[in-house]
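Here's the structure, in structure tokens; my notes come after.
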Amino acid sequence: MAKEKFTRNKPHVNVGTIGHIDHGKTTLTAAITKVASMKMGGKFVGYDEIDKAPEEKERGITIATAHVEYETPKRHYAHVDCPGHADYIKNMITGAAQMDGAIIVVAATDGPMPQTREHILLARQVGVPYLVVFMNKCDMVDDPELLELVELEIRELLSTYGYPGDDVPVIRGSALKALNSDSADSDDAKPILELLDACDSYIPDPQRDIDKPFLMPIEDVFSISGRGTVVTGRVERGVIKVGEEIEIVGIKPTIKTTCTGVEMFRKLLDQGEAGDNIGVLLRSVKRDEVERGQVLSALKSITPHRKFKAEVYVLSKEEGGRHTPFFSGYRPQFYCRTTDVTGVITLNEGVEMVMPGDNATFNVELIYPIAMEQGLRFAIREGGRTVGAGVVTEIVE
């Protein structure tokens, strides 16, 4: 049968495997590519190729990540798998690989383990909206009651961390048997097809950036004589049309204004959309009323805040981070979108200090408010070098 030409006419969804070490995440990833390639065409990626994933730099942090892709009749999936536990933590906190949903792999022989818990908690904190469970190594458990027990334990754990434990799909199978199967219709491959089916039906199509409310971090401000003030930047999400009312948010009190022009590469446009680098002409705003670090946004879509909670990964010495720990009262810069803002860190009660290479929960108070929402990513810098990366998990005030 001739292979079909790959066309982007299907919805695209980003997923990844998470879970405890040696529970079979990488084997499952390889098995999915094999079964999907037998069923739909596409490339089979073997275990070794995924396991020796190249290291990538994301905001100065070294993360080893394997990227594979596969298709179902309904969708095109991009899937990330990380070789090491630390890589997962870095990946989820930096958002290097944004996930619309994750497949949590739990070995039926062990049940949920410490990293299973940690990954579910992190997924919750950083806003991975949907989880699907693959109970692996089920061929190694003879007692059906034991399988029931493990499934119950997983569901309870998911509920503890705020996922709908009763509704989450749980698929049982053996990733290794599926990887060694030679037909997509075999009994060994069936759980993989069930898993893909569960992803198709349980993880909804993600909302595209262009459909979200307009937001553009301001990078530069110009004054054009006779025309007014122009701010430039890359549109993060949504669409801006000429004539629309918008707000300038952060640093100073929020100002309401109107977009009187959009230009890109010196050409005038009717609108700018997610991904575009544009200049926006603002009605009756003076040059000194707006600055880099503020955002341009749809009315009432984002608000300025100073206090928040965050989940943070602190770079190790080898990654160019600090050589020494820090304590409550530490005052670094928080680099959010286009600007550095000084903030004071308070650690949780009972946490004495944070070592390089750790991840921790920070309570932060910035010296002035910036446009902020749950899920905002930031870097922590000290004298211009990155010493950490984090994500806002809760807005306090």
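Glycine is treated like the rest: Cβ placed from N, Cα and C.
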Q: Among 136-139, 224-227, 252-255, indicate the range for which Swiss-Prot gives the feature region 'G4'.
A: 136-139
Q) Swiss-Prot lists region 'G1' for one of the ranges 3-10, 19-26, 299-306; which is that range? A) 19-26
Q: Have a look at 60-64, 85-89, 150-154, 365-369 and point to the one annotated region 'G2' in Swiss-Prot.
A: 60-64
Q.
I'm validating the feature mapping. Which of 81-84, 117-120, 257-260, 357-360 is tagged region 'G3' in Swiss-Prot?
A. 81-84
(Q) Quick test of the contact rule: Cβ under 8 Å, at least six residues beyond the ends. What residues does that give for the region 'G4' (136-139)? (A) 23-24, 27-28, 105-109, 147, 172-177
**Q.** Residue numbers, six or more beyond the limits of the region 'G2' (60-64), whose CB comes under 8 Å of its CB atoms
**A.** 53-54, 82-84, 87, 90-91, 94, 96, 313, 315, 319-320, 379, 385-386, 389
Q: May I have the DSSP-based helix, strand and coil counts for the residues of the region 'G2' (60-64)?
A: 0 helix, 4 strand, 1 coil
Q. Looking only at DSSP and grouping its letters into three states, which state does Cys82 (GTP binding site) belong to?
A. coil
Q. How many of the residues that make up the region 'G1' (19-26) does DSSP mark as helix, as strand and as coil?
A. 2 helix, 1 strand, 5 coil
(Q) Among the binding-site residues Thr26, Cys82, which residue has the fewest other Cβ atoms within 10 Å of its own Cβ? (A) Thr26
Q | Per-region confidence, the region 'G4' (136-139) (mean pLDDT, whole number) | A | 98
